[in-house]
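The structure appears below as structure tokens.
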């Protein structure tokens with residue numbers, strides 16, 4: 001994929017119209033930036049794999065801040081949207097679950113969102129390639145080519161995806177979403193691309209829990225990699241061997 | 001009536017034919033209205049949600065798609081397996097296979113969240129998706145069977161070419177039903193689906209549902225035009241239907257026994273077979289008894305014209321119930337995301353997902369059936385695909 | 001697609017000549033003009049949008065030309081300059097026929113598929129358009145530094 005500077009230049013060369021002579025000058029200038037521009041601006045890096053480590057012992061059953069922050073950041077679950085559809089039809093990017101161990105009776109809570117699998121079943125089954133994994137391991141839906149068949153929702157073992165059941169307006173600029181397409185946690189890809197941590201991670205830290213640790217799983221020196229090496233941890237539905245990028249500890 | 005040749009003639013436009021066409025058009029108009037309503041308001045107005053993501057429209061669609069490949073059986077039996085008694089029906093068998101598939105696909109497409117992006121589905125393929133392969137298999141099926149039909153209708157063509165086309169169509173239909181079954185069989189996430197037997201199960205289902213649909217549609221058209229259809233021929237087809245229905249039961253037994261043996265699938269089996277409410281009722285009552293045991297008993301213990309017709313109707317009803325149990329029941333049973341834990345709070349975790357289909361979904365589904373039947377009727381009206389006489393003496397004379 | 005582009009090109013040339021009410025009157029924009037020129041954009045905007053769409057969405061490149069004169073790749077930024085206000089000063093959405101995109105697209109009867117998902121008015125939150133400074137507490141760098149410090153304690 002070229003960047004826009006190269007695209008513009010190519011078109012100008014091809015069209016050769018008189019009208020283009022004005023832009024030719026800037027086209028030439030832009031050309032010089034062509035090769036390196038994208039790298040400088042945070043292209044999804046295949047040398048990284050973003051992930052989360054969720055420490056259930058730090059997660060408070062009463063706190064819902066990660067879910068609220070996700071709703072605000074990504075614009076889902078607003079009252080105007082939820083009022084006149086059933087709760088089963090309401091969007092759900094991240095949810096809090098409270099679990100009781102059947103054998104010991106111990107109760108824990110943790111957020112569940114898209115687990116950003118290394119081998120995502122939703123990507124395998126998508127007929128058009130709308131369900132995709134970025135170079136940096138983030139799994140998300142390209143709503144531009146999603147046809148709304150919902151096969152990815154059938155395939156996801158975590159119920160991480162939801163379908164937009166009705167028309168919506170005034171979406172946040174950073175998160176376009178609309179009727180008839182499937183959506184899920186994208187690990188706040190627009191925030192990561194602009195060098196920021198995901199909204200849930202920020203909210204959890206602000207709430208004083210720091211139960212969600214964010215980082216690069218491929219970097220052995222990153223805090224998340226060190227923590228994973230140090231403490232026992234698990235993936236949900238480990239039997240499926242999907243190698244999720246979201247891991248749990250003390251569950 | 002010795003040695004009468006098989007003569008194919010277009011359907012005559014009797015008042016009965018017009019009434020039937022008007023009825024089907026009414027269903028089509030209702031389906032169009034339902035679709036516009038769902039398209040305008042989004043899937044919020046349907047009974048489908050984030051837990052039951054595929055609903056009644058998909059039950060109709062999968063039933064029709066499965067029946068489509070099975071409707072081709074009659075033609076395959078004639079061209080590939082050389083049973084001459086079936087040969088006069090081979091043309092209409094091919095036509096019905098195409099129209100049933102079109103009816104089923106129309107439902108799937110109109111139920112898409114973004115039906116306006118059909119062009120994306122047709123031009124952008126992710127080849128690791130069985131769904132994408134199915135798009136190719138379905139389109140290819142229509143093309144292959146259309147060529148096969150044309151070749152059957154070319155009187156001067158050497159029959160070996162028809163046999164070859166029939167063989168290709170037969171192999172293609174096996175691939176197609178394998179693909180349809182694999183839509184479910186390859187879903188590792190859901191305990192109700194994840195099973196290799198889904199593909200062969202769908203193939204025997206198609207044999208059974210397709211033949212039943214073929215018997216009913218053909219008899220209806222023959223009756224509308226007062227063309228004779230022999231009792232012996234019908235009883236013979238009824239016996240075949242009985243064998244297919246028994247094969248479906250056998251595969252169903254194997255499917256559930258295999259699941260019961262694996263402890264991890266014990267939960268979903270208990271759900272479908274014992275505690276699933278509507279799904280348990282549909283499974284035992286409609287799929288197994290009404291759609292399996294009764295028609296088998298009818299065609300073998302009391303072989304007659306009326307038994308065969310009744311058996312075909314029951315197989316269709318039972319088949320519909322079977323697809324409903326597979327599609328909806330498989331989603332209603334909760335996903336086990338946290339084994340060993342009881343979920344106190346969450347998002348519909350560990351509970352059976354309720355589903356009540358809306359009238360719009362029903363109208364859309366019935367519209368797909370109406371489209372298939374209407375197209376088959378129009379085809380029989382403009383093409384010479386239906387023989388004028390299938391009385392026993394006529395069939396026997398050639399046989 | 002080619003036909004549509006050609007048609008739009010013709011419209012583009014017609015703009016200069018006819019403003020007698022029979023042709024669409026394009027709302028005046030604010031801000032600096034596109035470096036490629038208006039004529040170029042009128043003909044190629046679809047291509048540019050599609051290109052940037054895949055670049056941002058699939059490859060994570062949000063800022064396609066971060067040089068001295070940056071052009072961001074967010075469709076939301078179109079409305080920074082091309083937002084149309086009603087008499088009360090509120091920005092009109094795509095539901096309103098005065099919307100920038102609709103003025104021409106209604107005229108040419110070309111359907112726009114963007115605004116079922118994208119907002120069609122200027123956004124109030126624009127933080128994601130600029131790279132986080134390292135001292136911004138929500139930046140990945142600052143976060144990792146905080147976490148690393150906690151882990152050593």
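Even glycines carry a Cβ here, placed using N, Cα and C.
Taken from TrEMBL, the feature transmembrane segment covers B:21-38 (among others). If one looks beyond the transmembrane segment (B:21-38) by at least 6 residues along the same chain, the residues whose Cβ comes under 8 Å of a Cβ in the stretch are 45-46, 110-111, 115, 359-361, 363-364, 366-371, 373-374, 377.
Under the heading transmembrane segment, TrEMBL lists B:58-80 (among others).
Away from its own ends, the transmembrane segment (B:92-110) comes close to residues 31, 35, 57-58, 60-65, 67-69, 71-75, 78, 86, 118, 121, 138, 141-142, 145-146, 148-149, 152, 169, 173, 210, 213-214, 217-218, 221, 364-365, 367-373, 375-376, 379-380, 383, 385-386 of its chain (Cβ-Cβ under 8 Å, at least six residues beyond either end). Positions annotated as transmembrane segment by TrEMBL: B:92-110 (among others).
What TrEMBL records for B:130-150 (among others) is transmembrane segment. Nonlocal intrachain contacts for the transmembrane segment (B:130-150), taken as residues 6+ away from its ends with a CB within less than 8 angstroms of a stretch CB, comprise 65, 68-69, 72, 75, 79, 91, 94-95, 97-98, 101-102, 105, 121-122, 162, 165-166, 168-169, 172-173, 175-176, 179-180, 182-183, 186, 385.
Outside the transmembrane segment (B:162-189) by six or more residues, the chain places 62, 65-66, 69-70, 72, 75-76, 78-80, 90, 94, 97, 130-131, 133-134, 137-138, 140-141, 144-145, 147-148, 151-152, 195-203, 206, 326-327, 330, 335 with a CB less than 8 A from a CB of the stretch. Sequence annotations record features per position, and here TrEMBL assigns transmembrane segment to B:162-189 (among others).
The transmembrane segment annotation in TrEMBL covers B:195-219 (among others).
Remote same-chain residues near the transmembrane segment (B:240-258) are listed as 195, 197-198, 200-201, 204-205, 207-208, 211-212, 215, 269, 272-273, 287-288, 291-293, 295-296, 298-300, 308, 311-312, 315, 318-319, 322 (criterion: CB distance under 8 Å, separation of at least six residues from the stretch ends). Annotation source TrEMBL lists transmembrane segment at B:240-258 (among others).
Look at TrEMBL and you will find B:278-301 (among others) tagged as transmembrane segment.
What TrEMBL records for B:308-333 (among others) is transmembrane segment.
Residues or ranges marked as transmembrane segment in TrEMBL: B:362-383 (among others).
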Using a Cβ cut-off under 8 Å, which residues of the same chain at least 6 positions beyond either end of the transmembrane segment (B:308-333) come close to it?
51-56, 58-59, 62-63, 66-67, 184, 190-193, 205, 208-209, 211-213, 215-216, 219, 234-235, 237-238, 241-242, 245, 248, 252, 267-268, 271-272, 276, 279, 282-283, 286-288, 290-292, 294-296, 298-299, 352-355
